[in-house]
Amino acid sequence: MTASTSPDTPARTALARTREELASALAGDDAPRAVVMTMGALHQGHFDLVREAARHVGADGTVVVTIFVNPLQFAPGEDLDAYPRTLEADLDGLAAVLTGADGALAVGRLVVFAPTPEVMYPYGDPQVRIDPGPLATVLEGRIRPTHFAGVCQVVLSLMHLTAPRWAMFGRKDAQQLAVVKAMVRDLAVPVEIVPVDIRRETDGLAMSSRNAYLSDAERGHALALSRALEAGRAAARTGADAAAVRAAAQQVLDAEAGVEVDYVAVVDPDSFVDLAGAGLGLETRNQPVDSAQVGSAADGARSSQGLLAVAARVGSTRLIDNTLIDLP
Ligand code: PAF
């Protein structure tokens, strides 16, 4: 994959390492465009996002994949330095995913943007910051208070640099999805957010680049997360309310030695209003955060869906997982 040189004859695949190379690769390209933002170490979960992007743009469209381990979303002491960086394998994987049975690229163009921190933040630490608001202060935000501001900073910048019609985001990071949807809505960013379902290993473990940190024994303990979600889903199927769904999931996690639970919550998937009376610093239905205001503006109606979300430490690895459930 090489950097595109001429906007008149754009390469069908291009690797851009600088803003100038990206601008040159996208110049004059008015085909439908979707972006998939990643931190690399790509797995099938990412490739599902890429496939969904390809479906959206069609055979002549452009898929842009960004690969950037964003320092702003890591707090001191988190795994910024250890985070896997596998650019060559990522490029091979992307080419394979977007190659059709005939051996040709299945979309019009694939542009990969893989900047360094200096390219992404050429003036050093950004002066103008995004405040992602109350959604970013609960659950993940409570444990990682600067995380979503860092995510918003890079996501908005990458939206400006890549100018997509669609941006794909995985449901695995459900709170990130909610924060990004709220940012796009509140800042009138002309990009449509497309959620993509969680990809799981055959034993149920949600795919994550951080799974690579788990030892064999830890990987066994980690399966308690998906089992807890299944217990919650099973309870929901019998008509259990949010509190009972949460209790069913909590019970599975509590029974697993080697799993240190950070939280188990049932929340509104858009507003993260607490539906299960769990405390955890969440707003409850009687408090000011209103789902119709904070959540999807599409219909404004309160959803009967809940999001059962869990986070736990297995050894030194922090894992999150979630599932949507129907509530009475
Ligand atoms: O989900 C991720 O991998 C990251 O948070 C994102 C959206 C690429 C921003 O760095």
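Using the three backbone atoms N, Cα and C, a Cβ is placed for every residue, glycine included.
Annotations in TrEMBL come from automatic prediction, not curation.
Pulled from TrEMBL:
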type     : residues                : note
ACT_SITE : His46                   : active site, proton donor
BINDING  : 39-46, 170-173, 207-210 : ATP binding site
BINDING  : Gln73                   : beta-alanine binding site
BINDING  : Gln73, Gln176           : (R)-pantoate binding site
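A Cβ distance below 6 Å to any atom of ligand 1 is met, among the binding-site residues Met39, Met207, Ser209, by Met39.
The distance from the Cα of Ala41 (ATP binding site) to the Cα of Gln73 (beta-alanine binding site) comes to 17 Å.
All protein chains considered, the CB of the residue listed as 'beta-alanine binding site' has 21 other CB atoms within 10 Å. Met39 (ATP binding site) and Gln73 (beta-alanine binding site) are 11 Å apart (CA-CA, integer value). Between the binding-site residues Gly45, Gly170, the minimum number of other C-beta atoms within 10 Å of a residue's C-beta occurs at Gly45. Cα separation, Gly45 (ATP binding site) to Gln176 ((R)-pantoate binding site), rounded: 16 Å. In the three-state DSSP scheme, Ala41 (ATP binding site) falls into the coil class.
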